[in-house]
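Beneath this line is the structure, given in structure tokens, with notes to follow.
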Amino acid sequence: MNRRINAFMMAMALGLSALAPSSAMAQAEAVNAAAQAAPAAPAAANEAGNAATAAKPAWDYAKPVATVGQPQPGEMTFQEQFTPNGHYALWMHDNILLWVCIIISVFVLALLLYVMVRFRRSANPVPSRTSHNTLIEILWTVIPVFILIGIAIPSIDLLARQFKPAPKDALTVKVTGYQWYWGYEYPDNGIPEFVSNMLPPEKALERGEPRLLAADNRMVLPVGVPIKLIITGSDVIHSFSIPAFWVKEDAVPGRLNERTFTIEKPGVYYGVCSELCGARHGFMPIAVEAVSPDKFAQWVKAQGGKMPGDKSAEAAPAAASVPAAAEPAAATNAATPAAANAAAPATKS
Ligand SMILES: [Cu+2]
């Protein structure tokens, strides 16, 4: 018995030490070192991108709000939600699932304590030989069935809402996961894929952004407009995830996954790749800037794209319709991720 307890304590200690920040940091550093030993192609491409972005029309990224769209120090639960599905899912978690967990855990713990005290050997030398009790057996079958039905109804409703096909007027963005950065393409707006790399931590802090979450090029999206993300991977499985939108969808090579949501409030929202995808898995953040539809149209113009239904833009070639046509807009037509990166949108530095 003692040995078993010792083994259990050892296992606990090992588990705790794995969770300790120092060892987690050591692990992160090891990953970092491994990644630096690996070919630094994306980083090099990124630098080329930074050089090229200087010539692009200015678009000032918004400053993030520390309490919105990013994790908080000491936070225990989910981030505040900014999509209708997010509110619904968080409501379900807080008001149904959490209470089911708490009530069942407390009930089972109370039963165990009661049995341990009431039927202990000293007080109960001759054990009962009862082996059946029809009433209890019916209860412990029927009550869990009702609990499961109670969970299933809102769960299935949430699933149906999350996978409801996007309306016709939805804005489509194609998201591609690469080892180890993201590519964003706006087919409705004629914006070819551009690449989003992690900002170096010092640069992120300089800009007032959270380290390891800030990206050089953000995915800019309008608020109040249904967004349809088409998500895929180019090399291995990644996972596109933004906690404040209740969005997490695998990016699988050779497969197009779809996710629809509507953002309620302008702001900067961060996420991370959520599928172990290799050495720099922890260093491919997602940064979304949600803006008003008017500002979104400005951003689209600044990228050399056009809004759907914008006749003047359709009549003239895209590059000519941009006021700052003198800048090398042709570069944005690059098709490969690396080249697209070189033509990536301007960043505030
Ligand atoms: Cu990844």
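Cβ coordinates come from backbone N, Cα and C, glycine included.
Keep in mind that what you see is a predicted model, and the values were worked out from it rather than measured.
Summarising the annotation, TrEMBL assigns signal peptide to 1-26. Per TrEMBL, the feature domain 'Cytochrome oxidase subunit II transmembrane region profile' maps to 70-166. Here TrEMBL flags 96-117, 138-156 as transmembrane segment. The domain 'Cytochrome oxidase subunit II copper A binding' annotation in TrEMBL covers 168-302. Per TrEMBL, the feature region 'Disordered' maps to 326-349.
Note on the domain 'Cytochrome oxidase subunit II copper A binding' (168-302): mean pLDDT across this stretch is 94.
Helix first, then strand, then coil: DSSP counts for the domain 'Cytochrome oxidase subunit II transmembrane region profile' (70-166) stand at 64 helix, 0 strand, 33 coil.
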